[in-house]
């Protein structure tokens, strides 16, 4: 018997999403741009949660796995709430000072469903005429608020890498909102939100200065004020799971496509160039770092390869959308070698660097690599690519002549501002917190680690000094006996189950 299907056409069955201009799809909305921006936001979010959570938990000593993961997890959640309550509009809202926006909530329906706009991004010529109109992406404000949150969150989590293994968790919980308010928002507004460095023409395409130089400098400063780990931890801090470290690093690498690909606020050719350059630079840097490890230490290191990957990703960030791909290779060669030199050679010879216990060397992988990327952008920024995405027309790197030398100077000044602000603001914040609570855990907690701080441990494995006791642990089979074996009577290995 033939099957007959009757199609019933009803207006109620047609999704409003496909009507010409339904309320949820206003005429200014570009669905492709919106979809890409939300995807890029998620990719950047995955770099933090779970990317850096996994990386931190696995690259530290076993006794600090829970604490390290929790510091990242807490920062991710706390930054989001602070961001929508106050900080987004301090970084991307109306001007309060040339370096800071007016704080206000980004929670109301009227604010979030209107077309996105960065209100202070209109760039004027010296005669007062408009040179570049303000940035108005073709999607709702909610998309932009969430996208920029993920950048703020990862900056905070990267900073945490400098103080893992000893910072008082309560001090960290107080530090996160204060640093976000008084440090991160200043850099973000000055360079991205229409502040004085933005209009002067400093190039920070996707956060080489706002994110990496600031997290590296602030992390190093925080490490100084918090104090060092225990001597035993400084001397031996072996990763508890290198394979999981690789998994976290993999999320970081691939997530960087959203990091740099989302920076143009649209699914356009700049995003395509940026994603390609990001991966080319990261791969080059990893190979150079690994090669240097082989030449000087006789064997390749997985941790070293991850460091090289990281410095490549950081270095390309300030110029990912404005340099050519051959320049990305040049930047990868330098990012795989100069931070390697500062970490492996200079660090061991510098009294200051030895004194400050920067747990993961965030100063080298982010501050040095981010500064290197910003300066190289001042040399290698290509004029045509600059004209597509930058507010100041005629921008170019020094290698392209004309006013390129001025651009390099701007990059230097921009870096100095970010370094100075983070050095001072981070110090003040921590000194204020220190009045109310210690910044460093007491030595008795440092000796124990996670169990003392959280009452939890990362791993509970048989054979870790515990005997199997069926009266305590029970058995899904109803009874269990411990059979004698080569490891001794009653050992946890060789369990015989009587069904």
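Cβ atoms here come from the backbone N, Cα and C positions, even for glycine.
A TrEMBL annotation is a machine prediction, not a hand-curated record.
Here TrEMBL flags 35-459 as domain 'Ammonium transporter AmtB-like'. Mean per-residue pLDDT, taken over the domain 'Ammonium transporter AmtB-like' (35-459), amounts to 95.
Per TrEMBL, the feature transmembrane segment maps to 35-57 (among others). Here the transmembrane segment (35-57) has Cβ contacts under 8 Å with residues 65-66, 68-69, 71-73, 76, 137, 139, 143-144, 146-147, 149-151, 153-154, 157-158, 160-161, 164, 244-245, 247-249, 251-252, 254-259, 261-262, 265-267, 271, 458 of the same chain, all six or more residues outside its ends.
Long-range contacts of the transmembrane segment (69-91) within its own chain (CB-CB distance under 8 A, at least 6 residues past either end) are made by residues 48-49, 52-54, 56-57, 100-107, 145, 148-149, 152-153, 156-157, 160, 164, 167, 169, 172-173, 176-177, 180-181, 184-185, 188-189, 192-193, 454. TrEMBL lists 69-91 (among others) with the feature transmembrane segment.
Taking Cβ pairs closer than 8 Å, the transmembrane segment (144-164) reaches residues 37-38, 40-41, 44-45, 47-48, 52, 56, 60, 64, 67-68, 71-72, 75-76, 79-80, 83-84, 87-88, 91-92, 106, 112, 116, 118, 137, 172, 176, 179-180, 184, 188, 207, 210-212, 214-216, 218-220, 222-223, 226, 259, 262, 265, 358-360, 362-363, 366 in its own chain, all 6 or more past its ends. The annotation transmembrane segment is assigned in TrEMBL to 144-164 (among others).
If you look up TrEMBL, you'll see 176-197 (among others) marked as transmembrane segment. Listed as Cβ neighbours of the transmembrane segment (176-197) (distance under 8 Å, sequence separation of 6 or more from its ends, same chain) are residues 74-75, 78-79, 82-83, 86-87, 90-93, 95, 98-101, 103, 118-122, 134, 148, 151-152, 155-156, 159, 204, 209-210, 214, 218, 414, 417-418, 421-422, 425-426, 428-429, 432-433.
Beyond its flanks by at least six residues, the transmembrane segment (209-227) meets 151, 154-156, 158-163, 166-167, 171, 175, 179, 183-184, 187-188, 191-192, 202, 314, 317-318, 355-359, 362-371, 373-374, 414-415, 418-419, 421-423, 425-427, 430-431, 434, 439-440 of its own chain at Cβ-Cβ distances under 8 Å. For 209-227 (among others), the entry in TrEMBL reads transmembrane segment.
Among the features that TrEMBL reports, transmembrane segment is placed at 239-259 (among others).
According to TrEMBL, the feature transmembrane segment maps to 265-289 (among others).
Non-local neighbours of the transmembrane segment (301-320) in the same chain are 59, 203-209, 211-212, 239, 242, 245-246, 249, 252-253, 256, 259-260, 263, 273-275, 277-278, 281-290, 293, 327-328, 331-332, 334-336, 339-340, 343, 361, 364-366, 368-370, 372-374, 376-377, 380-381; each lies 6+ residues outside the stretch with a CB under 8 Å from one of its CB atoms. Annotation source TrEMBL lists transmembrane segment at 301-320 (among others).
Under the heading transmembrane segment, TrEMBL lists 326-346 (among others). Long-range neighbours of the transmembrane segment (326-346) within the same chain, counting only residues 6 or more positions beyond its ends whose Cβ lies under 8 Å from a Cβ of the stretch, are 276-278, 280-289, 292, 296, 307-308, 311-312, 314-316, 319-320, 353, 361, 364-365, 368-369, 372-373, 376, 380, 382.
Summarising the annotation, TrEMBL assigns transmembrane segment to 367-392 (among others).
As annotated by TrEMBL, transmembrane segment applies to 412-437 (among others).
The list of residues near the transmembrane segment (412-437) in space but at least 6 beyond its ends in sequence, with Cβ under 8 angstroms from a Cβ of it, reads 168, 170-171, 174-175, 178-179, 182-183, 186-187, 190-191, 197, 202, 204, 209-210, 213-214, 217-218, 221-222, 225-226, 367, 371, 374-375, 378.
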